[in-house]
Amino acid sequence: MIVTSSIRLLGLGVCVYGLSSRKLPQNIASERYSFPHSMVYITNIGLVVTFASLFMGLLTTICGTTDTKKRRGWASRMHNILAVNSVGLETIVTLGFWTLYAIDPKNVTSMKIKKAGYSDPMAKQLAMHVFPFFFALHEGWMARPQRSLVHHAVLFVVTLLYYVISRKVATARGKWQYSFLDRMSERIRITVIMCFMALGQASIETFIFVRRRAERAWGRVEDRIKLVPMIKLSTKILFLAFCLYGYSDYGTPQEIVTYTSNLVAGKYLYLTTQGLLLTIATLMLGLFQHSNDTRPTNGVRKWIRSTYLSLLLVTLPLEIIIFLVYWPLHIMCPEKLRPVEFVKNKIAVSLFSDFCLHLFPLTALLLEIYERNIEKSKLHLFVFVLFALFYYGLCREIAKVNNTWPYPFLNGMTEWQRLLFYAGITLAAVLFYEVIAWLKGRHVPVHGAHKDK
């Protein structure tokens, strides 16, 4: 009860922060934060419903109406409806926002606010478009919902009201709240909004189905939650979110995005990106393995566990090298990592994005390997050598087209110097691999370690 109430209180605070207005000029603030203008943004609607869901969940906990004998109380029924629909709405917000942003940031960014020199800080973006989704999932899980036409009817009514209010405000403003809607005919606009509603309804059905299957397999999950394991799991999910944020171009200046997109292979030519993708894959497999640690192994689970541990042992030395090479050069000789014109004009990714690229992946992998028992394999050493040869050959061939190597400091080297550099990096990865295996052999965690051999 204490843990659940704490999560709900935290969620309420996040929703309030996401809904709060910034210090903007009155003519700009009124466009986004005053009623009814604020309700034409699906993000704000999702935050309001999620806030109401968390509040009703807290109320039912305090009043004791979540007990199975009293679940017919009005508070529980209202909580159930709000919790389920918050899952649908936050799915629309999270998937819709980040998909449209990835296609073109102008789709979901107010040009009026941007031209005025204002932008949402990273924390506020997370409070609006990431964290509410996870709080909605938590609340939906605790509500123990059943399939019902009521959930879909409520979402349909919300969608209908959303369209009516949006159309009325768009008529008054002379434009729709999102620029991509302005470029559509009325028929296509209605179709797109209905497709988003269908996405929300599909997410509701999927969520209820997954929750029921999980409860049949594991029992009431909320009764088995322990504080420490929950904190560990939340930390892993948080670091995975950081890595996904680093992979996106959200905190990257447009000049850098344009520069890399004009290169053959783009950002995928950089070792940082390759290490980040491997880290994301490792963390995802780690979450799957975390949910299966106490379950009997079969052929598929055994293969996934083996793949996860191999990825972990190969990716960790790579992230150590990225960390040790990047930060000294970034601090002392940034022109060795970025084009000189970017350094002179102070064009660089935000500090948080830098951490998501060059610090948090290493931290996440260290946390992963701490609670795992590992086993060395000659195959891992072969992977290091094969990856080094592939990466060097790829960089060499693409450099002929781009007229530059991925990192400026490589341009000043001769062919033999570059070969020696790549060989040295490979040798360092092997040494780190051996050190990690040696340390894990000497210091195996007594509590919380998983037997993965």
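Here the Cβ of each residue, glycine as well, is placed from N, Cα and C on the backbone.
Nobody curates TrEMBL annotations by hand; they come from automatic prediction.
The transmembrane segment annotation in TrEMBL covers 38-60 (among others).
Non-local neighbours of the transmembrane segment (81-101) in the same chain are 42-43, 45-46, 49-50, 52-53, 56-57, 107-109, 128-130, 132-133, 136-137, 139-140, 142-143, 145, 150-151, 154-155, 158, 178, 180, 196-197, 199-201, 203-204, 207-208, 248, 250; each lies 6+ residues outside the stretch with a CB under 8 Å from one of its CB atoms. Here TrEMBL flags 81-101 (among others) as transmembrane segment.
Marked as transmembrane segment by TrEMBL: 121-137 (among others).
Taken from TrEMBL, the feature transmembrane segment covers 149-165 (among others).
The feature transmembrane segment is assigned by TrEMBL to 188-210 (among others).
Listed as Cβ neighbours of the transmembrane segment (230-248) (distance under 8 Å, sequence separation of 6 or more from its ends, same chain) are residues 3, 98, 102, 130, 134, 273, 276-277, 279-280, 283-284, 286-287, 290, 353, 355-357, 360-361, 363-364, 367-368, 371, 448. Under the heading transmembrane segment, TrEMBL lists 230-248 (among others).
Taken from TrEMBL, the feature transmembrane segment applies to 268-288 (among others). Remote same-chain residues near the transmembrane segment (268-288) are listed as 233, 236-237, 239-240, 243-244, 246-247, 304, 307-308, 311-312, 314-315, 318-319, 322, 326, 357-358, 361, 364-365, 368, 391, 394-395, 398, 406-407 (criterion: CB distance under 8 Å, separation of at least six residues from the stretch ends).
Taken from TrEMBL, the feature transmembrane segment covers 308-327 (among others).
The annotation transmembrane segment is assigned in TrEMBL to 347-367 (among others).
When Cβ-Cβ distances below 8 Å are used as the criterion, the transmembrane segment (379-399) is approached by residues 263-265, 269, 271, 274, 310, 313-314, 317, 405-406, 410, 418-419, 422-423, 425-426, 429-430, 433 of the same chain, each at least six residues removed from its ends. Per TrEMBL, transmembrane segment is recorded for 379-399 (among others).
Panel annotation: around the transmembrane segment (419-439), residues 313-314, 316-318, 320-321, 325, 369, 374, 376, 380-381, 384-385, 388, 391-392, 410, 413 of the same chain, lying at least six beyond its termini, place a Cβ under 8 Å from a Cβ of the stretch. Under the heading transmembrane segment, TrEMBL lists 419-439 (among others).
Taking residue pairs at least 6 apart in sequence, the transmembrane segment (308-327) and the transmembrane segment (149-165) share fewer than three C-beta contacts under 8 angstroms.
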